[in-house]
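Per TrEMBL, the features are:
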DOMAIN    A:1-100  domain 'FAD-binding FR-type'
BINDING   A:51, A:52, A:53, A:54, A:75, A:76  FAD binding site
BINDING   A:224, A:229, A:232, A:246  [2Fe-2S] cluster binding site
Ligand SMILES: Cc1cc2nc3c(=O)[nH]c(=O)nc-3n(C[C@H](O)[C@H](O)[C@H](O)COP(=O)(O)OP(=O)(O)OC[C@H]3O[C@@H](n4cnc5c(N)ncnc54)[C@H](O)[C@@H]3O)c2cc1C
Ligand SMILES: Cc1cc2nc3c(=O)[nH]c(=O)nc-3n(C[C@H](O)[C@H](O)[C@H](O)COP(=O)(O)OP(=O)(O)OC[C@H]3O[C@@H](n4cnc5c(N)ncnc54)[C@H](O)[C@@H]3O)c2cc1C
Ligand SMILES: Cc1cc2nc3c(=O)[nH]c(=O)nc-3n(C[C@H](O)[C@H](O)[C@H](O)COP(=O)(O)O)c2cc1C
Ligand SMILES: Cc1cc2nc3c(=O)[nH]c(=O)nc-3n(C[C@H](O)[C@H](O)[C@H](O)COP(=O)(O)O)c2cc1C
Ligand code: FES
Ligand code: FES
């Protein structure tokens, strides 16, 4: 975990209100696990909290990493206005538990399900999986065609089978990622997912009785991002304890925490 | 008075922590009186007050005006970081009473005394005076050589006699502008001044019994800049009333207000 | 400017075309802003705090900047009730916009005199009792921190006023709802809140307070969460209309305030950041109503699961 | 890191190398920040509010951003006094830095139990009674708004404590100096202020509060002028040492707080903006002392012409 000024190498719009930012700096060296995130200080003294954003890709050769973010409020709007050459204070990589991409074996049935801006960390995960020779199926859900991103990037990865779902059918097929999941004849060996809480809950329920090793990446409003403020806790499934999403997650095994 | 986004044409350092910024936009058309000022919205949501800065020069042909400002705190530091092409929200020109540059006649003895960042509005005033064929003497006071600016610009104006004073004698002569004033054999017909309050007070006292038509430009912390908040008042000399520096000034005749 | 009927609100004494007015002390008596835009765009105008006699105010500096806010210690400088009556209100009467006359004083008698003096000004729609000015020794803050004193003052003014009376509450109290209940019981027709929070700034370089008065009133976006909380709390205990304020600078802020419990809002400090802020907000409100799909701004109130 | 002798301050129970400590609740029990820098750089460490039994805290979202500030409604989540004693304090004992143990509770008895449990932890230099947590129904705020309740609690704790006791004051009161005087008379060894201001945020898009708990405590630069004013006011009426806080994020802010009347400062929210803020401030303080030409930070106090 480092705190560093990273340089914006590129910042481009890749879908409606959705941007991909490439960052460079020595901190990139420390990135090794999909699912971990960066805690980004947004320009402007009036915004005192950093923004947690998943790492979407890393290129160790070039010393760069990418994040993909959607303009939701003041912070992400300001990120969208950053230009190449700007500096951003970044703390990361954060999170001690990412997607266990080193566990699936080639030949395992590996399914990744991403919804909206939950897609980026799954791209990083897919890159790592295919690097290890694991084939993956990916279901990407978006509201509408204008919101779709990274579908082609996934397609270009070797051994990656991509299904795009849109609510209105304007790209890929009409329906939700849950519809696509339900059409599968059997449960996957591995299931990695990131997206809205409701989607994750449905996925977990869906896989309840299966042999699936399932993992979900969670979001919560954060203060410190490192485990010191108790802002981002969630209860464990036994009700007896809790996890900090920023430190103990942000990825949790099915049933580890209450969704 | 307009509120407009002006474009930064140039922003350059001209002395220690002192910068000259050239701005363009239709608001410039409305600038016609030296001593008036701009109320500049500084970048950053956390700074809710605008900064009042005098107009240092105007070039109606080019549609530009210049301000000169010293880095004193957060606001002026951020102005110093602006780059060509940036936009600044500006309200102005403000002030209903500037230096009465249309009154001195050619042949009158006209003296201008500026201290530090009080110099800029006097440059604009001098430009207007020499345009009308009036010769002027200018005494410019700075702490030290590194702080000196605009001495050459004044020198280049026709019929302008420039005396630079520095506290440590590192440029021009050693001493204050008051020393230079005291060396003059007789009181000027006109005296326009801008600078620290103590300097203005000394000048007014100095000219107490003379025939001099004296004018000083005042500074005070401002809220609205237009006369609506009562932040910037000063008492009149008779103690019975008050003036708003932003609206009734910022230039006042000797003895109009308590310095 | 066309007025969107969804924005009309009628408060006691104040038939407003829209729920936005400049806050007292940030708009003087309207003359300066009238040079910038048509005052008839506003829902109402709250004028500068007016006292019995003219006041000269505090020494300068009177304002200081703070993170996302400012301190002011103007000290209720104003020309006095008679001059306001004769010279300022007639100017505002040129515009079809109701006036909320902000009344201050050192004693209940002074408030009464001001109200009596301004009572018959036809464009004064209502009075706003400033019982919460933190910037003058005798600026009424004693009335704002004690429910009994606040109630007594309200009663005294109600006895003479021919117009509805709003009481402006101080946030510098342990329990703002107690003051609200007290003035409601005493006959107030409405509440306005919040006034400024008592604050201070030190110049680290000189080791002295920035304000000549040492302390001043904090306003601006910094106080918005405090204002929202107080409005929300007061709303739970009263049916009186609430004029909400404290850090409003956008149409989005107005929505937050209305949801929290205000009926209309006042905009103070933001006029200094952007002199056109009030008309800008007013123009942007209809879009918000479209987006939120409400038929009238009155429908925005949050009911509060926990109440 | 070399320590500048001009920065040493000795407060009851807290021999500090410099006047800067992280504020309670913003630093947990030090483990996370220990991965970032050497905790021995700090003047002291204030630990997370500790209650008799473990508490699970409030539902999420627990934090919301506000202009130059934030709201939190953590709800005093902590592992309980015994676990803090056995598992957290020993970790901090690896560092040569005194601990200020922040104590919370619903009843005076609970405060007493916490103090009794932590009394013999050798690295606890002093206790800080959080009588001002606005975020839990029974988080002690009742003790923070009533001078008598505050005094009674202070006395009860003083009776059992083997360490100096600081009382942390709430800013959500009409007269903070009255509470300060009451706890001083009851035997407090020091004061800390300010805790957070009760606030609220509404999400305009959904028309609901952002925090699950609806209301939360406001902290960060936005509250700095309020903190400075309260510290200044309390300083006039007491000789007790003051740990000042509320929006500190730079060495310049530290100077402002010391001038206003604090003896040392605590840094809360700024740790989230920049996790290295405490060591950064500490490193920048000597430059300020050079610039202001003072021989020791204790000399910074502003005497106040008007006092
Ligand atoms: C571990 C993690 C990874 C994330 N990865 C991504 C990503 O790859 N791409 C992406 O677009 N978004 C991601 N998010 C969500 C992202 O953090 C928010 O969309 C963003 O913080 C919104 O900031 P804002 O300034 O636009 O909104 P504002 O509403 O102005 O934010 C105000 C405050 O709320 C917080 N906040 C608002 N929405 C969320 C949210 N959904 N989750 C957490 N905090 C929130 C902000 O961080 C800030 O503190 C992630 C969140 C977490 C916790
Ligand atoms: C009519 C007028 C004309 C001016 N012309 C010039 C000029 O041409 N060049 C120049 O360098 N300076 C000028 N000043 C002073 C200039 O406004 C301040 O130096 C500047 O506002 C400081 O802002 P800051 O953000 O750097 O300082 P900060 O300390 O961060 O400012 C905080 C607040 O205090 C106000 N403030 C601080 N110092 C002053 C001051 N001396 N006068 C008024 N307000 C102040 C700021 O405007 C702001 O509201 C003028 C002031 C006035 C009133
Ligand atoms: C410069 C200034 C002067 C003020 N004068 C008055 C006043 O005379 N009477 C009054 O009731 N409130 C006065 N106020 C308080 C405002 O009306 C308002 O309650 C407060 O500023 C909070 O709103 P804001 O955050 O939008 O500024 C004044 C505020 C400022 C900033
Ligand atoms: C997330 C968070 C948790 C806090 N928890 C506690 C606590 O447990 N006990 C306590 O006395 N104060 C607590 N506080 C208050 C801080 O210690 C401090 O008084 C306040 O935040 C003001 O300082 P700041 O503006 O530097 O944050 C907490 C503050 C925050 C932001
Ligand atoms: S954000 Fe602070 S504990 Fe997770
Ligand atoms: S700055 Fe508002 S009256 Fe001059």
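Cβ atoms here come from the backbone N, Cα and C positions, even for glycine.
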For the domain 'FAD-binding FR-type' (A:1-100), jot down how many residues DSSP puts in helix, in strand and in coil.
12 helix, 50 strand, 38 coil
If you average per-residue pLDDT over the domain 'FAD-binding FR-type' (A:1-100), what number do you get?
96
Around the FAD site formed by A:51, A:52, A:53, A:54, A:75, A:76, which additional residues qualify by having Cβ within 8 Å of the site's Cβ center?
A:37, A:38, A:40, A:50, A:67, A:69, A:79
Filtered binding-site residues, from A:76, A:229, A:232, A:246, whose Cβ is under 6 Å from an atom of ligand 4:
A:229
Least buried of the binding-site residues A:54, A:76, going by other Cβ atoms within 10 Å?
A:76
Binding-site residues satisfying Cβ distance under 8 Å to any chain D Cβ, from A:53, A:76, A:224, A:246:
A:224
Determine, from DSSP, whether residue A:229 ([2Fe-2S] cluster binding site) sits in helix, strand or coil.
coil
Pairwise Cα distance for residue A:76 (FAD binding site)/residue A:232 ([2Fe-2S] cluster binding site) [Å, integer]:
20
List, in residue order, those binding-site residues out of A:224, A:229, A:232, A:246 with a Cβ under 6 Å from any atom belonging to ligand 1.
none
Nearest to residue A:54 (FAD binding site) in three-dimensional space, by Cα, is which of the binding-site residues A:224, A:229, A:232, A:246?
A:246
Whole number in angstrom, please: the longest C-alpha to C-alpha distance across A:51, A:52, A:53, A:54, A:75, A:76 for FAD.
15
Under 6 Å from ligand 5 by C-beta, which of these binding-site residues make it: A:52, A:229, A:232? Sequence order, please.
A:229, A:232
What's the CA to CA span in angstrom from residue A:232 ([2Fe-2S] cluster binding site) over to residue A:53 (FAD binding site)?
14
Between the binding-site residues A:53, A:232, A:246, where is the Cβ count within 10 Å the lowest?
A:53
When distances run from the Cα of residue A:246 ([2Fe-2S] cluster binding site) to each of the binding-site residues A:52, A:53, A:75, the nearest one:
A:52
Should residue A:246 ([2Fe-2S] cluster binding site) be counted as helix, strand, or coil on the basis of DSSP?
helix
Quick one: pull the CA-CA distance for residue A:75 (FAD binding site) versus residue A:224 ([2Fe-2S] cluster binding site), whole Å only.
16
